[in-house]
Ligand SMILES: N[C@@H](CCC[C@H](N)C(=O)O)C(=O)O
C-alpha cells in the first residue's frame, strides 16, 4: 500500500504522492489507475513530490521539492498552476517544509516556482513570464462547422496554450466533450491546452478549458495566466494589471507586472489514505 492525499484548486483535482527518494515506479498505467474516477481514486492528474536531486533534468537546488506532474492519461506536462498551489499546501500541511514556512520554492519542469501562503489562506505563485506568439492559430470544435471556428492566441506559460476570445458565442453552450482541433498542426507538435473566454466586466472574464492529456476540467491555472496575458496584450500597454478569471470550479486572480505573472487562488487537501499500488501488466 502507498499513502496518498487528494486535493484540488478550484476543483482541478489531483492525487498527491510523497516519494522523497524516487522509489515509486510511476508508470503511465499507474497514473491512469490513480486518476480513474471509478476504478481508482480519481483526479485530473498526479502530483508526485520527489527531492529535486533525483530529477535528471533539474539543475537548480538539489534539496528543493520537485513537482513531478502527470496528466490523467499518464502524459507528462511541464507545469500546472492549480497543482503547484495544492502541492505547496500539501508540503506545509505534512510538515515537509520547516514549521512556520510561508514561502516555498518548488522545482518544476518549467523552472523554479515560488508559492506564498497568504494570510487569507489562498496561495500566490510566481508563474514566471508568459510568452505570446506573434502568429495566430485556428481552433474548431466540430470539423466543417464554420460557425464553430475561431482564431486563437498561442501563449507559452511553461506549457502550451491557445486562447480563444468569444465575442458573441455562448460559452456555456460549447460542446467540449470532444477534443478541439487546431491548425496548423505544427503550431503545437506536443499538443495544447485550449481556453475559451467570455467577458464579464472590467478585467473580469469567464473561462472553460479543454486540457491536453485530460479533457474538459473545472479549472486550469496556467490557462488563466495565458488568458490574462493574451487579454492584456489586446489592451493598452499596461505595465500592471490584475484579472479575475471565473472557471466552472471557482475563481482565481492573475496579476501581470512588467511581463511577469502571479496566480492567486485556493488550494485544499480533502482526503488522505492508502492505495494498493497497481501491479505492472506482464
Ligand atoms: N491543470 C493544470 C495544467 C495541467 C497540465 C496540462 N494539462 C498540460 O498538459 O499542459 C493547471 O492548473 O495549470
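Glycine residues also receive a Cβ, built from the backbone N, Cα and C atoms like all the rest.
The annotation active site is assigned in TrEMBL to 80. Summarising the annotation, TrEMBL assigns active site, proton donor to 80. Taken from TrEMBL, the feature active site, proton acceptor applies to 220. Annotation source TrEMBL lists substrate binding site at 12, 71, 81, 82, 159, 193, 211, 212, 221, 222.
This view paints the features noted in TrEMBL onto the structure.
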residue: 12; record: substrate binding site; Cβ contacts under 8 Å, 6 or more apart: 44, 80, 82, 83, 217, 218, 219, 220, 221, 249
residue: 81; record: substrate binding site; Cβ contacts under 8 Å, 6 or more apart: 9, 125, 127, 157, 220, 221, 222, 223, 224, 225, 263
residue: 159; record: substrate binding site; Cβ contacts under 8 Å, 6 or more apart: 77, 78, 79, 80, 110, 193, 212, 222
residue: 211; record: substrate binding site; Cβ contacts under 8 Å, 6 or more apart: 44, 71, 193, 217, 220, 223
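Ranking the active-site residues 80, 220 by how many Cβ atoms sit within 10 Å of each one's Cβ puts 220 at the top. Annotation note: residue 12 (substrate binding site) sits in a strand segment as assigned by DSSP. Around the Cβ of residue 221 (substrate binding site), the number of neighbouring Cβ atoms within 10 Å comes to 29.
For the substrate site, the Cβ centre of 12, 71, 81, 82, 159, 193, 211, 212, 221, 222 serves as reference, and the other residues of the chain with Cβ at most 8 Å from it are 77, 79, 80, 83, 209, 214, 217, 220, 223. Among the residues the record lists as binding substrate, namely 12, 71, 81, 82, 159, 193, 211, 212, 221, 222, the two farthest apart have Cα atoms separated by 16 Å. Mapped onto three states, the DSSP output places residue 81 (substrate binding site) in helix.
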